[in-house]
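Summarising the annotation, TrEMBL assigns transmembrane segment to 12-30, 42-66, 87-115, 144-162, 174-194, 214-240, 252-273, 311-331, 351-371, 383-401, 421-444.
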Amino acid sequence: MANTQRAQFSSRLGFILAAAGSAIGLGNIWGFPTQTASNGGAVFLFIYLLMVFVLAYPLLIAELTIGRYGNANPVRSLSAVSGGQKWIGRLLGLVGLLGATGILSFYTIVAGWLVGYMVSPLLALTGFTDAAAWLESFSETRNLALMLCFMVPTILVVRNGIANGIERWSSRLMPVLFLLFVIMVIYILFQPGAMEGLKMYLIPDMSHLSPGLVVSAMGQAFFSLSLGVCVMMVYGSYLSKTANIPKTAAQVALLDTGIAFIAGLLIMPAMFVAQHNGVAIYSEAGALLSSDTLVFSVLPAMFDTMGTAGIFIGFAFFLLMVIAALTSAISLLEVPVACATEEFRQSREKAVWWIGGLITIASAVIVYNFGDLFGLVVTVTTEYAQPILGLLFALVAGWLWHRNEILKELVQGSPELGETWFWKIWPGYVRVICPILMLLVFGWDWI
Ligand code: PHE
C-alpha cells in the first residue's frame with residue numbers, strides 16, 4: 001500500500017493548530033455562549049467543563065490513537081482495530097463518514113450567512129445599500145450563493161493536501177483568530193452594560209440544572225471537540241508516530257475549551273451592551289433571545305448603534321466566525337476525501353471536486369427545503385450521530401482492540417506511558433466507565 005509515503009502534518013504545532021482549528025468553530029463562538037445564556041449561565045459552563053474532561057477528552061484520545069495506528073482513512077483504520085469483526089469497523093467508518101458529510105452540508109449554509117453579514121456593512125458603507133440589504137435578508141438564492149462562496153475556499157484548501165493545504169491554512173488563520181478574539185473581548189468588556197452580562201455568565205442559577213441540561217452539555221462537548229464523525233481519526237492518521245497523544249489531545253481540548261470560555265466573555269457581555277444601546281434582548285415571553293436571533297439580529301443591531309467604529313467591529317466579529325468555520329469545514333471535508341483517495345485510488349484533486357460537488361448539492365437541497373430539512377439534519381447528525389458514534393468508537397477501542405496493541409501505539413510517542421497512572425486508568429475507563437456514563441446521561445433524560 002502507499003502507506004509509507006502517506007501525507008503527514010509537518011510539525012506538532014501544525015497538528016495542534018489544525019486539530020484545534022477543527023474543534024474551534026461555530027460550536028464555540030456561537031453554540032456554547034448561546035446555550036450558556038439560555039441554560040442558567042455558570043451552571044451550564046460547569047457541567048460542560050465536566051463533560052469535556054470526563055467524557056470528551058478520553059474519547060478524543062481514542063479517536064486519535066485509532067487513526068494513527070491505522071495510518072489510513074477512518075474506514076480502514078476502524079476495521080484494523082476491530083479484531084476479528086472487521087465489518088463492524090468498516091460499517092462504523094462509513095456511518096461516521098456520512099455524519100461528517102451531513103454536518104458539513106448544514107455547516108456551510110450557516111457559514112455562508114456569516115460571510116454575508118461580514119461583507120454587508122462594507123457594501124453599505126460604499127453605497128451598495130441594496131446589495132447589502134439582500135445579503136442580510138433571508139432568501140433561497142442568497143442562501144445558495146453564500147453557501148457557494150464558503151464551499152469553494154473549503155474545497156480549495158483541502159485540494160492542496162495536508163501540509164500545504166490544511167496545516168498551512170490552519171497555521172495562518174488560527175493566530176489571526178486568537179488575536180481578533182482578544183481585541184474584541186477587551187473592547188466589549190469596556191462598553192457600558194458589559195458587567196451585567198459577565199455576572200449572568202459567571203454566577204450560576206441552579207434552578208436550571210436538569211437532565212436535559214446535562215444532555216445538551218454532553219452534545220455540545222462532542223460537537224465542539226469534533227468527535228464521533230471520524231474527523232479526529234483522520235487527523236490522527238496524519239500525526240507523526242513520535243507525538244505524545246494524551247498530551248497533544250490535552251492541548252487541543254484545552255485550546256478548544258479556552259476559546260469557548262472566552263467566547264462566553266465576548267457574547268454574554270455583548271448582549272447586555274446591546275441592551276444598553278437600546279436593542280431588545282428578551283423575547284415578549286421574557287426569555288433571553290437565543291441562537292440565530294442573537295448572532296444575526298442582536299449583534300448587528302449593536303454594531304449599528306456604534307457608528308462607523310461599529311462597521312469595523314462588526315466586520316472583525318464576522319471575520320472571526322468565518323475563519324473559525326473554515327478551519328472546521330476543511331476537517332469535515334477531509335474525511336470523505338481521504339476515504340476516496342485511498343479506497344478508490346483517486347487523485348486528491350479529482351476526489352475533492354466530486355465529493356465537494358456532492359456535498360454542495362446536498363446543501364442546495366437543504367437550502368430549498370429549509371423548513372423541513374435544516375433542523376432535522378442538525379438534530380440527526382449532532383444530537384444523535386455524534387454521541388452515539390463516539391460511544392461506539394470507544395467500545396471498539398475498549399473491547400475489540402487488543403490492549404497491548406494500543407499500548408504499543410501510544411508508547412511510540414511517550415516511552416514511559418506504560419508506567420503512568422494514565423495507562424492504569426484510561427483503557428478500563430474507555431471500556432467501561434465512558435459507556436456507562438453516557439448511558440446514564442441519556443437514560444436520565446429519557447426517564
Ligand atoms: N467542532 C466544530 C465546532 O465547534 C464543529 C465540528 C463538528 C467540526 C464535528 C468537525 C466535526 O464548530
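Don't overthink the numbers, they just go from 1 along the chain as shown.
Just so it is clear, glycine is given a Cβ too, placed from its N, Cα and C backbone atoms.
Note that the coordinates shown come from a computational prediction; the quantities given were computed from them, not determined experimentally.
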Dominant neighbour of the transmembrane segment (174-194) in 12-30, 214-240, 311-331, 351-371, 421-444, by Cβ pairs under 8 Å: 311-331
Spatial neighbours of the transmembrane segment (311-331) far in sequence, C-beta under 8 Å, 6+ residues away: 18, 21-30, 104, 107-108, 110-111, 114-115, 117-118, 121-122, 124-125, 150, 153-154, 157-158, 165-166, 169-170, 173-174, 176-177, 180-181, 183-184, 187, 226, 231, 234-235, 295, 299-300, 303
Closest-packing stretch to the transmembrane segment (421-444), where packing means Cβ pairs under 8 Å, from 12-30, 42-66, 87-115, 144-162, 252-273: 42-66
The transmembrane segment (383-401) versus listed stretches 12-30, 87-115, 144-162: most Cβ pairs under 8 Å: 87-115
Folded-back contacts onto the transmembrane segment (351-371), same chain, C-beta under 8 angstroms, at least six residues removed: 101-102, 104-106, 108-109, 140, 143-144, 147-148, 151, 154-155, 158-159, 333, 336-337, 340-341, 344, 377
Remote residues contacting the transmembrane segment (87-115) - C-beta distance under 8 A, at least 6 residues beyond either end: 25-26, 73-81, 143, 145-151, 154, 228-231, 233, 296, 318, 321-322, 325-326, 328-329, 332-333, 335-336, 339, 355, 358-360, 362-363, 366-367, 374, 377-378, 380-382, 385-386, 389, 392-393, 396, 400
The transmembrane segment (12-30) and the transmembrane segment (252-273) contact flag, 3+ Cβ pairs under 8 angstroms: yes
